[in-house]
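Annotated ATP binding site per TrEMBL: Gly250, Gly252, Lys253, Thr254, in sequence order. Per TrEMBL, compositional bias 'Polar residues' is recorded for 82-94. Feature annotation from TrEMBL assigns compositional bias 'Basic residues' to 98-107. According to TrEMBL, the feature domain 'AAA+ ATPase' maps to 239-367. Residues annotated as domain 'Chromosomal replication initiator DnaA C-terminal' in TrEMBL: 451-520. Among the features that TrEMBL reports, region 'Domain I, interacts with DnaA modulators' is placed at 1-132.
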Amino acid sequence: MNAKQIWQTAIERLRTRVNSAVFTTWFQGTSALSFQDSVFIIRVPTTFAKAQLETRFQELIRSTLIDVTGGPVEVRFEVTKEQPSASDASSDQGSYRPAKRTYRLSKGRLSAPLRGKRVPPADGATTMNAMAPSTPPENAYRQKKEDYGIPQRSATSYNPEPASEPPTALSYVSYPEGQDIPAESIRKEPIKTQEYSPVHPSIEGLLNPRYTFSSFIVGKSNKLAHATSLAVAENPGRVYNPLFLYGGVGLGKTHLLHGIGHAGESAGLNVLYTTSEKFTNEIINAIRFQKTEEFRAKYRQIDILLVDDIQFIAGKESTEEEFFHTFNSLHNANKQIVVTSDRPPKAISSLQDRLRSRFEWGLLADVQPPEYEHRLAILRSKCDSLRFTVPANVIEYIARPVCSSVRELEGALNRVIAYATLHDAPLTVSLAAQALEHIYDTKPPVTSNLTVEEVFDGVCRYYNVNPQLVRGKQRDRDIVWPRQVAMYLMREETTASLLQIGSALGGRDHSTIMHGWEKVHAEIGNNEQVRQEIAAVLDSLQNRSF
Ligand SMILES: Nc1ncnc2c1ncn2[C@@H]1O[C@H](COP(=O)(O)OP(=O)(O)OP(=O)(O)O)[C@@H](O)[C@H]1O
């Protein structure tokens, strides 16, 4: 991916991580300038925006970029005026423009082998669209506009740059996920919003190179889904057809889907990866522009159809209808179909029975949240792929909370790494705790109902120390140790935040509290006597025997 593509992906993710007002105010109008030697330079329109992004969002942007690129990233901002657009290609500067939500007809594109067959690659330019005829790109592009009755601009307004990925031909109106537009009403609607815009390279519809079987860590929670996906990849159309992968968010369904896609592409098969939202929009546009025959032709020459988030087609009559026919035609021809969903077919209410029964026809395989050991293995593998050495106790710390999503786990790791890099600090448990404190609750569930005051009083009584001294600055071992035990127990046994604990202990900051916690935590792990001592303090607290 080049800088533009990376930024485009990153910005989409950032959009889901900040509220829309923040996004529009600070992220709109940014674009990628370059990405070299791990330094990612982002163009911003004003110095004010630069200051805001630097102070408030730099870390978030950096961790998102690390996530997208899979490697270390340093972020810089540069204030420059947007390039004056000599051509419409100015919209292809990797900048984000949220106002227009467009959909490209061929988001789910055909696999490389098929693209190769259909479009002569001689001039280095690439296919316009999976349904496009084998004409040179610019002609094909013009042809498409004519086909759809879209007024043409002069040829000079389109300035295709050599791209490593195929540009798509046209942009259409998009309909948000979950919203079905009946075909009838679409046909009657005057077409106002369609427009021709030179389409910038997009990774949508392409397979993510990072999502392969070799980078997928297998554990108890995903064993079946992995084994069946592998079997399907090795024998498409012959075993488990369709394969229905389901489970909660961020648990690797898309990863497996892409893994199957990569294997299919390597075998020279025509693979099409799409999401049900794209499929829906494609159908809507095909109906609108009387291109259903082309749509069908495109889908029926696929060897492996991969559809993500199939649950979203439920209740969308024309989409379900078309998918049903696509399904039958592929299945009859022994072509492989793999779909993912956040729930099993029988739990997708309003899905047509005939589709439900077809989904249940092949094999249903679920993915569950990874358990602790599995989380550790995933984190270790992510560290390897990031080429970052993270101490074992930090990995254990990150893996510790019950984490329902691997995406969250990855985000936590990226954040810790970004935090350490940003502060130029060693990766320690204390640093990880600081980095993650506001992201998700890294504490194990608190079972006691103790308050910080009760812990404080109890610890002082147990060690027979003066509370004033414990709150104060004295550094004698006799005072420091009870103070640290109080930090540890307050963190472990109460619901108080680090800030509250710090304030109960004489106004100490959160890093001091984490340092104390870490010290006691380590001692408990290494010294049986300390473990027993802390257990006794806890016992005294719980029995209120002080
Ligand atoms: N077992 C695994 N091994 C390695 N990486 C994993 C594993 N499971 C998930 N991931 C990673 O977690 C992230 C989220 O996974 P993915 O997008 O496949 O989840 P999903 O189940 O499709 O989620 P959603 O339902 O939200 O689309 C990806 O970066 C993926 O590579």
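Using N, Cα and C of the backbone, Cβ positions are placed for all residues, glycine too.
Heads up, TrEMBL stuff is auto-annotated, nobody curated it.
Annotation for Gly252 (ATP binding site): spatial neighbours Phe216, Asn222, Ala225, Val367, Val406, criterion Cβ-Cβ under 8 Å with sequence separation of six or more. Mapped onto DSSP classes, the domain 'AAA+ ATPase' (239-367) shows 66 helix, 26 strand, 37 coil. Of all the Cβ atoms in the protein chains shown, 26 others lie within 10 Å of the Cβ of Lys253 (ATP binding site).
The Cβ of Thr254 (ATP binding site) lies under 8 Å from the Cβ of Asn208, Tyr211, Asp308, Thr340, each of these being in the same chain and 6 or more residues away along the sequence.
With a cut-off of 8 Å between CB atoms and residues at least 6 apart in sequence, the same chain places Ser404, Ser405, Val406, Arg407, Glu408 near Gly250 (ATP binding site), listed in sequence order.
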